[in-house]
Amino acid sequence: MAVKREDYLDWADYFMAVAFLSAQRSKDPRTQVGACIVNDENKIVGIGYNGMPRGCSDEALPWQRKNDDWLETKIPYVCHAEMNAVMNKNCASVKGCTIYVALFPCNECTKVIMQSGIKEVVYMSDTKHDKPSMVASRRLLDAVGIPYRQHIPKQSKVTIDFGALEDELDSTSTR
Ligand SMILES: O=c1ccn([C@H]2C[C@H](O)[C@@H](COP(=O)(O)O)O2)c(=O)[nH]1
Ligand SMILES: [Zn+2]
């Protein structure tokens, strides 16, 4: 009798992988961020990545991070992944949900997370830990007791191979 696969993705790795996959859609040449919002039934209710606002051409606005003229940087224009995930929700409310994010959220995203009723933040990278924005995020989250934790992946790598199913079917049909 066939037994079940044991190397399947667990829920948390799955949701973080969805966040990372979503980040692949970002046009930001430096930092690609993805976010995935999940409800208490393990259903994905929102996905987002960092990008220019709806209707804005990705070519028309600047992608550079630094410029003497702030208006010529991406900062005032780019929509962050977490905000997009909340705005893209496919249900009435994300109250009580968990957000999986590739990067620990900035203070602006943290405010959106808090106002949307999200109850938990799971992040992968914390490379900007000491930036004032992240210090502010932790201060805000701590103030209201929203837990945040770094994701420790069970699988270090998740590979997406579009040919995998055909390869598998080919090998089983010749067995
Ligand atoms: O909470 C966050 C923080 C940042 N982002 C996005 C915004 C930008 O597109 C990049 C950060 O660019 P840097 O050049 O590394 O400053 O990440 C986000 O989506 N969510
Ligand atoms: Zn942000």
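Note that Cβ sites are derived from N, Cα and C of the backbone, with glycine treated the same way.
It should be emphasised that the depicted structure is a prediction, and the values quoted were computed from it without experimental measurement.
TrEMBL has this to say about the protein:
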ACT_SITE  GLU82  active site, proton donor
BINDING   HIS80, CYS106, CYS109  Zn(2+) binding site
DOMAIN    10-148  domain 'CMP/dCMP-type deaminase'
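Counting neighbouring Cβ atoms within 10 Å of each of the binding-site residues (CYS106, CYS109), the lowest count belongs to CYS106.
DSSP assigns the residue listed as 'active site, proton donor' to a helix. Same-chain neighbours of the Zn(2+) site beyond HIS80, CYS106, CYS109, judged by a C-beta within 8 angstroms of the site's C-beta center, are, in sequence order, VAL33, ALA81, GLU82, MET83, PRO105, ASN107, GLU108, THR110, VAL112.
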